[in-house]
Amino acid sequence: MPAAVKRILPQLITLLGVMVLVSLVFPDFLSIDYSDGRLVGPVIDVLKRGAPVALLAVGMTLVVATGGIDLSVGTLMAITGAVAAAAIVAGHGLVLAIVLALAAGLCAGGFSGFLVAVVGIQPIVATLILMISGRGIAQLITEGRILTFNMPGFAFLGSGTLLGVPVPVWIWLAVTALAIVIVRRTALGLLIESVGINRRASALAGVNARVILIAVYMASGLCAALAGIITTADIRGADANNAGLWLELDAILATVLGGNSLRGGRFSISAAVIGALIIQTINTGILLAGFPSEYNLVIKAVLVILILVVQSPSLAGDLKRLGSQLSRRAPRRSAKAAPQRSDR
Amino acid sequence: MRNPRLYPLLATIAIFIIAYAICYLQFPYILSTRVAGNLLTDNAYLGIVAVGMTIVILSGGIDLSVGSVIAFSGVFIAVMLRDSGLHPLAVFALLLVITTAFGAAMGWLIYRLAMPAFIVTLAGMFLVRGVAYMMSIDSIPIDHPFFTSLQRVYWLMPGKGRLTLIGVVMLLAFVVGHIIAHRTRFGANVFALGGGEQTARLMGSRVGRTTVMIYAFSGLMAGLGGIVFALYTGSGYPLATVGTELTAIATVVIGGTLLTGGAGYVFGTLFGVLTMGLIQTYIVFDGTLSSWWTRIAIGVLLLAFIVLQKGLLRLTTARSAA
């Protein structure tokens with residue numbers, strides 16, 4: 001599939017660039033060892049720690065493709081983690097805990113989707129409601145404490161190893177592959193894109209835009225629930241205040257780094273997941289390079305702005321225009337005047 | 001009232017009065033000037049930031065960086081007063097120049113790169129918070145004599161309520177914001193931009209200039225909010241006011257401004273801020289409710305207002321179509 005490779009090429013190049021950059025300041029970045037039946041190394045660490053954002057990015061890409069945005073996913077991680085932990089503490093067992101957490105994610109996503117698709121509220125506000133009140137709900141479930149539990153089976157989901165690779169990596173790989181198969185091997189991806197480009201036109205063409213919209217928010221809620229389960233299992237406790245804090249922003253960033261337009265339309269799940277890996281590589285790289293931790297945010301922000309500027313469609317147009325003008329040896333003044341023209 | 005655009009504003013004011021009445025029935029003392037004065041003081045920084053946010057949202061944009069800018073302002077003031085020996089007023093002026101320039105830069109990026117405001121201001125949020133961390137990771141107390149004397153300025157209202165300096169600054173910010181949004185050419189351009197960038201351009205509005213000015217104004221207000229927050233807490237802390245941008249957006253929406261842009265009133269936001277403050281005051285008065293109920297109540301209120309707005313909008317469009 002050369003077209004699919006071409007689509008994710010910019011993201012792959014960016015990821016490679018970031019990895020080279022990290023390798024320059026931390027030469028051992030690419031080394032992978034095998035000990036105690038599992039792979040260890042910075043790259044494996046990136047893959048494992050990137051799991052929550054990669055999962056969120058899968059759901060976020062689908063929502064963004066419809067022209068929406070889901071601000072509630074970070075909070076949903078806290079809610080679903082709290083649900084799972086509460087179920088375990090109450091002695092309901094592994095399966096029921098996971099089922100309840102996933103159901104909570106689906107319900108919350110369905111709520112946001114209902115507000116967007118049926119009531120007609122803007123996605124950013126509809127999901128803001130859960131984002132603001134969600135941590136309150138999570139605290140209601142945990143009764144304001146950090147619910148800790150001891151269940152090896154559940155903890156395995158967060159910190160276990162399968163075939164030498166951490167379980168969270170398997171989970172996000174499986175979810176990504178599953179999502180890609182579902183949207184690309186059926187017409188679903190096409191329908192999502194059509195709703196994102198023009199909801200009214202697609203509705204007139206016979207697409208049930210309402211159901212599609214609710215479905216993508218539910219998918220996003222499901223991904224958030226999985227991310228919440230992994231985070232909770234990893235620390236063996238539900239922290240209503242800090243679980244998934246600001247991860248919705250990372251997920252949106254990953255989606256945008258993946259070249260998906262926030263205005264909706266064509267989307268690429270794999271590119272968004274690579275975007276999540278780019279973010280995690282930056283995060284891990286800053287730590288490995290030994291910068292004082294207070295520099296993290298600034299370095300991250302500068303790198304993100306750089307990547308965004310390079311990917312900006314209008315900048316690409318400007319460079320092209322500038323290039324063609326230079327090749328025609330036009331006077332420099334017209335190149336300067338060009339941006340102002342659109343201003344008036 | 002013939003103007004349907006006034007309905008959300010009237011609904012906001014009505015709900016605030018009803019809520020206050022309910023609180024009064026339960027706790028009569030809530031109607032004292034002391035509580036009213038505290039309501040203004042406690043929410044001063046939020047109100048000032050919300051004025052800037054209202055203008056941004058009226059233009060159809062969003063500014064996620066304001067919470068970080070407040071934290072940065074506090075740290076900047078604390079560090080400068082500790083290390084430089086400058087007069088606080090000079091530090092304030094320098095700070096406002098910096099935050100305004102920062103906002104203008106974001107506005108320029110949004111316009112020039114044709115990037116969504118959400119993403120650009122998100123990057124700005126990380127950047128400013130990061131700069132605040134770089135200046136200090138600890139909370140720094142501010143004990144400059146002039147600064148502490150500013151903290152103690154207040155007017156005694158009848159009933160021994162204190163109308164503090166920062167409360168007055170917030171009210172002034174709302175007056176200035178109202179004049180800018182509803183009485184100036186810039187304000188008209190903001191509303192035009194909120195109605196649609198393409199139409200604004202066709203009308204002859206200078207979209208680029210307006211966008212830069214909108215975010216510069218939001219940066220200015222966030223800086224002013226930061227000064228007020230520093231006066232309120234008497235310290236600079238880089239981890240302060242995380243998530244304030246979302247609270248500010250919520251107050252703007254509760255205040256009756258449409259998030260799609262192009263419709264709303266600056267004074268509605270004042271009532272949005274006061275309603276939120278009232279919920280918090282009620283929870284403090286009650287004493288048995290946990291603080292997380294505040295967030296749930298704000299979420300429910302947000303939902304109620306948006307559904308109300310939607311209903312009104314549908315009602316008015318149905319009437320104009322008929």
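Glycine is treated like the rest: Cβ placed from N, Cα and C.
Just so you know, TrEMBL annotations never went through curation; they're auto-generated.
Straight from TrEMBL, the features:
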TRANSMEM  B:6-27  transmembrane segment
TRANSMEM  B:64-82  transmembrane segment
TRANSMEM  B:89-111  transmembrane segment
TRANSMEM  B:117-142  transmembrane segment
TRANSMEM  B:163-181  transmembrane segment
TRANSMEM  B:212-232  transmembrane segment
TRANSMEM  B:239-259  transmembrane segment
TRANSMEM  B:265-285  transmembrane segment
TRANSMEM  B:292-312  transmembrane segment
Top Cβ-contact partner of the transmembrane segment (B:6-27) among B:64-82, B:163-181, B:239-259, B:265-285 (pairs under 8 Å): B:265-285
Interface-richest range of B:64-82, B:117-142, B:292-312 toward the transmembrane segment (B:89-111), CB pairs under 8 Å: B:64-82
Among the ranges B:64-82, B:117-142, B:212-232, B:292-312, the one whose Cβ pairs under 8 Å to the transmembrane segment (B:163-181) are most numerous: B:212-232
Beyond the flanks of the transmembrane segment (B:64-82) by 6 or more, those residues with Cβ under 8 Å of it: 45, 49, 52-53, 88, 91-92, 94-95, 98-99, 102-103, 106, 118, 121-122, 124-129, 131-132, 135-136, 140-142, 144, 147, 218-219, 221-223, 225-227, 229-230, 233, 235-246, 248
Close approaches to the transmembrane segment (B:239-259) from elsewhere in its chain (Cβ under 8 angstroms; 6 or more beyond its ends): 8-9, 11-12, 45-47, 49-50, 53-54, 57-58, 62-68, 70-71, 74, 125, 229, 233, 265, 267-273, 275-276, 298, 301-302, 305-306, 309
Within-chain partners of the transmembrane segment (B:117-142) [C-beta distance under 8 Å, separation at least 6 from its ends]: 56, 61-65, 67-69, 71-72, 75-79, 81-82, 102, 106, 109-110, 148, 215, 230, 234-238, 245
